[in-house]
Amino acid sequence: DKCNKLVPLFYKTCPAGKNLCYKMFMVSDLTVPVKRGCIDVCPKNSALVKYVCCNTDRCN
């Protein structure tokens, strides 16, 4: 699987077991992701951050 890095022009091949792509947003600004990458399980959202996860190549 491949996931975008923070700058979507670049991407990385995910290590084994980390086959979800994610975008992390600050709840205060849901328009600009602050982090992107590969992850094994989608984290829970909190009061400060929101995660958006997906499972196809470069879907983040």
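Heads up, residue numbers simply count up from 1 along the chain you see.
Just so it is clear, glycine is given a Cβ too, placed from its N, Cα and C backbone atoms.
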Whichever of C3, C42 is disulfide-bonded to C21 when Swiss-Prot is consulted:
C3
Just choose from C38, C42 the cysteine that Swiss-Prot connects to C53 via a disulfide.
C42
Measuring C-alpha to C-alpha, could you say which of the disulfide-bonded residues C42, C53, C54, C59 are within 10 Å of C14 (disulfide bond)?
none
Out of the disulfide-bonded residues listed (C3, C38, C42), which are within 10 Å of C59 (disulfide bond), Cα to Cα?
C3
When the Cα of C38 (disulfide bond) is compared with the Cα of each of the disulfide-bonded residues C21, C53, C54, which one is closest?
C21
Please list residues from the chain of C21 (disulfide bond) whose Cβ is under 8 angstroms from its Cβ, counting only those at least six apart in sequence.
D1, C3, N4, C14, R36, G37, C38, I39, C53, C54, N55, T56, D57, R58, C59, N60
